[in-house]
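Engineer: Quick paste of what Swiss-Prot says about this protein:
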| type | residues | note |
| --- | --- | --- |
| BINDING | 17, 18, 19, 20, 117, 515, 516, 561, 605 | 5-methyltetrahydropteroyltri-L-glutamate binding site |
| BINDING | 431, 432, 433, 484, 599 | L-methionine binding site |
| BINDING | 431, 432, 433, 484, 599 | L-homocysteine binding site |
| BINDING | 641, 643, 665, 726 | Zn(2+) binding site |
| ACT_SITE | 694 | active site, proton donor |
């Protein structure tokens, strides 16, 4: 039994973010649709070839997406919301972009679909919308076209398809409520048609992704798998693919399915390989997800070999990445600024392909010498002084319960804050960042490259901050921000100023659509060598009599949006970051900054996938935030911001943060999220986002007023703030000015009654 290897998917954006640049050029009207499509074809061909050259046997096809793969599946099934449909009923790439962005070079603008996190990763998808009586048909043949491309290039192809049950699970009902699972029989004929088309092309195996099978699903959803896969069997071999957790709790459901193979995540899952081998049908192939698709760390291949060797020769076996390599940067070899020791600890997507080749070869031959050689830097790292800082470990061990308690309760603090700030009803503010113009990005880049000295750089940043204050005062906002011109990314900026982090030059990963992030990597104990934000916050406050918010990214978000080290717990990392940022809060306060925002957009998305694991995570996540904030005095107002969240299942923890004001993303969900706060009787102040910053569309005064009135039916008006959904860094100034002017006008109208 020869062992093969494969990946579940590969990064799409290109080493130099070619896809992002092509998308944004097309959206701006600077290039044609055909030019965009050509970039996509070139990237796919390059990425298949790179994987093949790195030693991958079966290449994933269908993992490429123009926005996200769930949205691609929606178009495949003909699931296009009426507001985004072309007048002639056709579907094209602009249809896809209108769903994702609210607008495209052709067609009428309309509200973008809701966006949320893909399981517990930092990747996003557009939430499918379902209505009662909906019809589905094969509408978008991107998968088939890409399979044809790969076959024409001579590749050994394994198509990738999001499974029908997971697809329905990920969506939301719009309008009249009904059970979306009832649509299963309506979408299965489209899946049958796609599988038939793949069979015609001579495809042997199809990777059908059902990551919902790692969740604690309701019984009705588990029961849906058998009839669904009964309907899909027979045309090609199906590799039922799961990831992000183990499958043991749902193994009885899985083993009853008429599929020919199962992929399991043996990195994040707790599954025992011997137990899996025993319980899986003997004729099934097992795809062992041994190489972590979500991290940047070199694998200990001797350990991976030991994990799987006992079943070699006993069943058909493939070795694979745990999940798609989408979540990892592309290529470590282009990183020229990492020192040799640190670089030796890492593996990006292409290096992970090489790891799979080494592992396959060792399992087939029994010769493990190459595995030991590859794994040597992992052993050396365990004793590196770059990793351990005794002072940090000592401070962490000394934390007491008092360190996470504000001096007084919210009611006492609110009185002190009202006396200090004297804000009007319906106070207006923004979430933090303002448009990152070409001028700002060029300024930072020139400084980073050494083409601009520190004095000229600081003068330039100061001018952009001054302009941001002038703009806000002109608009009539009540609580201002400095605009974050000096920050490239809300996590990367802090990581650059904290010990224990390193950065890459080209370690980009896709977040959503054309948005890419370059996460910091936590390599050791975290500490703050010097103040980070104080100087610019103090300067901004000197320009105005209105309060200017200090802006920090919270400890859980820095953790969740970085690549964490794996030799200590996530709790340990979060609390180390919290202690570092606690010192920053104290320094901001001492500099006269009276409102400090600690953003925690990632608190909910960091939840474990299984509800039974939530309590432990929420306990330390809340404690980390409170350690960060609790040093503040009563009349210092602590804000926090959260986005893409559903709160109803963690309201106790949201309240336990004890932030004076929470701002949340609500406009895409039409204020639905406020139901949670109303039912919980949330005691502190809330700023429900009144317009969607992910879309360039400008909301009308009337629309914002209507949303605020809707909010006031759920939350007392005296505890409501008025703000956008999120930061404005990705927007342009024209729509930002127009949207904020309308937002301020709506607040003023409500003050007048």
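The backbone N, Cα and C atoms fix where each Cβ goes, glycine too.
Looking at the shown structure, can you explain where the listed features end up?
Structural biologist: Secondary structure from DSSP puts residue 117 (5-methyltetrahydropteroyltri-L-glutamate binding site) in a beta strand.
The DSSP secondary structure for residue 484 (L-methionine binding site) is coil.
All protein chains shown were included, and the count of other CB atoms within 10 Å of the CB of residue 484 (L-methionine binding site) stands at 24.
Residue 726 (Zn(2+) binding site) carries neither a helix nor a strand DSSP state and counts as coil. The Cβ of residue 726 (Zn(2+) binding site) lies under 8 Å from the Cβ of 431, 601, 641, 643, 665, 689, 693, 694, each of which sits 6+ residues away along the same chain.
Under the DSSP three-state reduction, residue 694 (active site, proton donor) is assigned to coil, being neither helix nor strand.
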Engineer: When DSSP is mapped onto helix/strand/coil, what comes out for residue 19 (5-methyltetrahydropteroyltri-L-glutamate binding site)?
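Structural biologist: Assignment for residue 19 (5-methyltetrahydropteroyltri-L-glutamate binding site) reads helix.
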Engineer: Taking 10 A as the limit, how many CB atoms besides its own sit near the CB of residue 17 (5-methyltetrahydropteroyltri-L-glutamate binding site)?
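Structural biologist: Counting Cβ neighbours of residue 17 (5-methyltetrahydropteroyltri-L-glutamate binding site) within 10 Å gives 18.
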Engineer: Counting Cβ neighbours within 10 Å across all chains shown, tell me which of the binding-site residues 431, 516 comes out on top.
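Structural biologist: Most Cβ neighbours within 10 Å: 431.
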Engineer: Taking Cα atoms as reference points, rank the binding-site residues 432, 433, 599 by distance from residue 516 (5-methyltetrahydropteroyltri-L-glutamate binding site) and give the first.
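Structural biologist: Result: the closest of the binding-site residues to residue 516 (5-methyltetrahydropteroyltri-L-glutamate binding site) is 433.
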Engineer: Distance check, please: Cα of residue 117 (5-methyltetrahydropteroyltri-L-glutamate binding site) against Cα of residue 599 (L-methionine binding site), rounded to an integer number of angstrom.
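Structural biologist: Per the Cα atoms, residue 117 (5-methyltetrahydropteroyltri-L-glutamate binding site) and residue 599 (L-methionine binding site) stand 17 Å apart.
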Engineer: Take the Cβ of residue 117 (5-methyltetrahydropteroyltri-L-glutamate binding site) and count every other Cβ within 10 Å, whichever protein chain it belongs to.
Structural biologist: 22
Engineer: Using CB atoms and a 10 A radius, I'd like the single residue among the recorded positions 641, 694 with the highest neighbour count.
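Structural biologist: Per the Cβ count within 10 Å, the most buried is 641.
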Engineer: Any idea of the Cα spread of the L-homocysteine site, 431, 432, 433, 484, 599, as a max distance in Å?
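Structural biologist: So the maximum pairwise Cα distance among the L-homocysteine binders is 14 Å.
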